[in-house]
Amino acid sequence: MSIDAIIIGGPTASGKTEIAHELAKLLNTEIISADSMCVYKFMNIGTAKPSLEKRKEIKYHMIDVVLPNEYFDTYIYVEKAKSIIKQIKEKGKIPIIVGGTYLYIQALLYGLPETSEPDFRLRKKLESIANKKGLHFLYEKLKVIDKVYAEKIGKNDKKRIIRALEIFINTGKPFSSFHKWHEPTMKVLGFYTNLTQEELNKNIEKRTYYMIEQGLEVECINLLCLGYKEAMTSSQAIGYKEMIPYIEGKSSLKEAIENIIKNTKEYASRQRRWFQKTTFTPIRTIEDIKHHLQSLVL
């Protein structure tokens, strides 16, 4: 096959990582993660990273890339991922990209929007406003000036809410106006796990309780003890931002679990809608991919 990569996307808790792992074994290739939270070290349970055992079976890239307090964005991801894709292809293999961070996948396929340079001074001011008035205050502002992008990222994505406001203040243009869709810059076979919302909801509830059993609370405590504070982007990941108030005595464990489930369901719903709008082929199991690959050959 003359392609640059195979992409397996989909909502959280939809089984895409398991499918990608089995396909990687079948094709004797390597996996590139497209998950914005798996890049952070020491955050294993809450991000549902592949186990160390699986990472011994198959080479995984873009996992444990930076410390939780280090800056990481879509631009950095694309630069690193494209370099890895090239390295894997030079080995005569087809890389498999798997993840649910659709902004990463979109940027890989269509390139990065030509926006203004980062304005760190303005960014600090916006972060200060978020801390004083709440993130919802900034999100409502973003909805007024760029409803399209606001609905795409959701109300809890602090980093992207602030960046979008920063761009609008400096350019007078909404962030969504910068990203013009062109032909893909890579030739890929794209798939996405197409579970029903009801199936996703059941999986999310089951996985949340599994994370609690596996020690999510202890993982959060360790992060705080290492000095990785709540305000950091990494600590805004679903699972961590809900557990920290419980650890600090500001909420009950029941409330933390309920909030994790609610926020995960909302995020999964946005992911599901995004992937359904793509030209990717819907799948449910690895057999669906095998059948598709066979149909291309025969």
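Counting starts with 1 at the first residue shown.
Positions of Cβ are set from backbone N, Cα and C atoms, glycine also.
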Query = When Swiss-Prot marks a stretch as region 'Interaction with substrate tRNA', which of 35-38, 43-46, 143-146, 255-258 is it?
reply = 35-38
Ask   = How many whole Å apart are the CA atoms of Gly10 (ATP binding site) and Thr101 (site 'Interaction with substrate tRNA')?
value = 9
Inquiry  = Between Ser14, Thr17, Thr101, which of the recorded positions has its C-beta surrounded by the fewest other C-beta atoms within 10 Å?
reply    = Thr101
Query = Which has the fewest other CB atoms in a 10 Å radius around its CB: Lys16, Arg123, the listed recorded positions?
reply = Arg123
Inquiry  = Can you tell me the CA-to-CA distance separating Pro11 (ATP binding site) and Thr101 (site 'Interaction with substrate tRNA'), as a whole number of Å?
reply    = 9
